[in-house]
Amino acid sequence: MGLTKQYLRYVASAVFGVIGSQKGNIVFVTLRGEKGRYVAVPACEHVFIWDLRKGEKILILQGLKQEVTCLCPSPDGLHLAVGYEDGSIRIFSLLSGEGNVTFNGHKAAITTLKYDQLGGRLASGSKDTDIIVWDVINESGLYRLKGHKDAITQALFLREKNLLVTSGKDTMVKWWDLDTQHCFKTMVGHRTEVWGLVLVSEEKRLITGASDSELRVWDIAYLQEIEDPEEPDPKKIKGSPGIQDTLEAEDGAFETDEAPEDRILSCTKAGSIMREGRDRVVNLAVDKTGRILACHGTDSVLELFCILSKEEIQKKMDKKMKKARKKAKLHSCKGEEEDPEVNVEMSLQDEIQRVTNIKTSAKIKSFDLIHSPQGELKAVFLLQNNLVELYSLNPSLPTPQPVRTSRITIGGHRSDVRTLSFSSDNIAVLSAAADSIKIWNRSTLQCIRTMTCEYALCSFFVPGDRQVVIGTKTGKLQLYDLASGNLLETIDAHDGALWSMSLSPDQRGFVTGGADKSVKFWDFELVKDENSTQKRLSVKQTRTLQLDEDVLCVSYSPNQKLLAVSLLDCTVKIFYVDTLKFFLSLYGHKLPVICMDISYDGALIATGSADRNVKIWGLDFGDCHKSLFAHDDSVMYLQFVPKSHLFFTAGKDHKIKQWDADKFEHIQTLEGHHQEVWCLAVSPSGDYVVSSSHDKSLRLWERTREPLILEEEREMEREAEYEESVAKEDQPAVPGETQGDSYFTGKKTIETVKAAERIMEAIELYREETAKMKEHKAICKAAGKEVPLPSNPILMAYGSISPSAYVLEIFKGIKSSELEESLLVLPFSYVPDILKLFNEFIQLGSDVELICRCLFFLLRIHFGQITSNQMLVPVIEKLRETTISKVSQVRDVIGFNMAGLDYLKRECEAKSEVMFFADATSHLEEKKRKRKKREKLILTLT
């Protein structure tokens, strides 16, 4: 076999330049015991934790491939639940930054995540219209709630009752009873999508936001509490044509009840609050205290409302009453002695008052609120232009003024990066967008310079790396000094956009091509600076080449003899540099050539076009060596790796690919960007590639020393395709065909298939080993002495355990969240053996909880086959006896432990006379606050 050409693998090294992605929501997180200082924001597939005070990134929660779409911190502040584009959910620990738990159950992007009050359950809503409630502690799914007909927009647990309320884009608000897992009430009072909902006033009020400028307010009455003599009898309410129903019908709150006897609560419309925004509600939220309500539309204004408490409402009522009585006395005739009757109605606007508006610097994508005990309200915003802003205000003041206290801007551009370049020492990276240029340190990924510019299209470092040149959309050349960050000079170079620049190989000048159908040649020169005695760098135009079409791209050959110019007529023309005479025309692309590059030895030119093809041409005769179908959309950028015939292409299909121009082979695909890739830059050493995309991120790729073998690479691609297809197997073959309702919360993934295979292998090993044991006993009997038993290497690796113990180890090794789904794909032929083993395990009292969970699941899914199998009847009988006794034993142990802990808690409380656990922390904060006050007093006195 001949030698294969060796390539080196490029791997993803870092994501930078993105402050926060648009798809997910921003949330405050508690770190190191501090609230209101740290925020978590989605950043493509990762989650960044930013310190608002210092403006620094302090933690990255590493994602896999899919974009983050939803974040929700746990009530204890120790964990963060993260929902992804593919419907998976991961729970990260904020202390270690590791994602320990993964839930797979949804088929589409997660749209909402909410913990219950204690943080033991997590409800997730998705674009696939399902809601799943997960048990966070047991790391498993509890149940799936089906009923909505479109994406879920919000889900909320009630504190006091075991209920869940959800809203969807199908205009419905549904109430679910979690004890029976069914929907007992559907509110159909909305004409458009319900984009958000919140519960306020101790969960007696529901506020919903839809596609208009009304926030609808609903009064909730729990039927156990309606026992007022004036009120109709609860039975009357339950009956169909009761007074209540007709009232509701008039109110526009038409309700359809699943079963009249299942009424748990009634909802009546209390009225509406008008927003100032005319568009849809994007986010509607209430702070932890339930006092401040905030919402925003598709613009840059957040509207704040204050929800008054009962006492405040009562005070207002008394005031109104006084006023009304005074008025009535004045109006009443002098002759009448008795007091006139006075009625005062409390309007909804009096109970929910507008506080103020916060105007941010750009469109709001999401926000989060935190209300400190001192009365200060902090609002943090993730904006559309890759920016995080923090505002604070005191809502208790008569006219609260929001103040912007901090913003995170340095870590990224406000718009897409259109051009990238490396400095000659491979250390500095330049990125330029519509309004700014940033210089990054490649090793630390810190932004070291930010300079304002016009809309940049192309750029390069001037030899010496002390200045940079930018070409803009208006046809200007801008020259910047890096040390000072100043704009040295702006030159009007072209009448249209300046699409491309190429530095001359002798480094004395460069060439530019623009939309004004001309190519211009420039030389660097030193001119006297008016402001100082020293000379500064400038450029002067030497020659112009006029053409018939717009110039899209220009490139010098390395020996500086030829100049390649790509034109709007889909051809590439090659000219001699010295005489500007025409040499070759490369035609064959069906759409214009957007990018091209010439190899280091001047032998090849590669062109990338909007027709999705890359063509490789010889520069000696202009013959096309090969046409490669490169991307699924336009090829946006192409660059050779220095000192080789390998080149990279970037496409609008979100991919970056590496190719071999000699063998015409596709070497590898760099996947990571979630939107179109605009440009890339290969470092002069060829060790690094940096790329920019419409997802606002810059990605750094690094060349490793690991060799890449093409056959293996193709094999890995096929495997990845197979793994993806495994997850998609359940989808119907005929569009519109509905599958049977999936009752279980999990979904089939490659991990669950592998786990089922591991169980099958373990059972087969157990069967073989038990057969061997029998044989061995027979041999020993025949020989009349003990013969050594050959031991299985797998069992020896586990510490020479018995085959049945090995099966138990395998069950213990399966992730809790994947257990049910793994047992679901297990063939029935393995179940009898498993049931016999389970009996053994339970008798020994090993892992009773895990074994019972598996046992009950298997009984539920294989009930018919197990009960009809005569062989299994004695096994099930035995299992019943052992299970009941062992489970009650386990329960007794837990009960004893709980009682012991309770006793210890009472002892501790009696000793310190402080309410333990719950109030200890608040007491500590109170002490700190008093100490600070005292210190301040002393300072002012001194």
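The backbone N, Cα and C atoms fix where each Cβ goes, glycine too.
Automated prediction, rather than curation, is the source of TrEMBL annotations.
Noted in TrEMBL for the protein shown:
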type	residues	note
DOMAIN	804-906	domain 'Small-subunit processome Utp12'
REPEAT	61-102	repeat 'WD'
REPEAT	103-144	repeat 'WD'
REPEAT	145-186	repeat 'WD'
REPEAT	187-228	repeat 'WD'
REPEAT	410-450	repeat 'WD'
REPEAT	491-525	repeat 'WD'
REPEAT	586-627	repeat 'WD'
REPEAT	628-669	repeat 'WD'
REPEAT	670-702	repeat 'WD'
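Against the repeat 'WD' (61-102), stretch 670-702 shows more Cβ pairs under 8 Å than any other of 145-186, 187-228, 670-702. The average pLDDT the prediction assigns to the repeat 'WD' (491-525) is 95.
Long-range contacts of the repeat 'WD' (187-228) within the same chain: residues 150, 153-154, 156, 158-161, 165, 167-175, 234, 237, 251-256, 263-286, 290, 293, 295, 307, 348, 352, each at least 6 residues beyond the stretch ends and with a Cβ under 8 Å from a Cβ of the stretch. In the repeat 'WD' (103-144), the DSSP tally of helix, strand and coil residues is 0 helix, 24 strand, 18 coil. Counting residues of the repeat 'WD' (410-450) by DSSP class, helix then strand then coil, yields 0 helix, 19 strand, 22 coil.
DSSP labels the residues of the repeat 'WD' (670-702) in these numbers: 0 helix, 19 strand, 14 coil.
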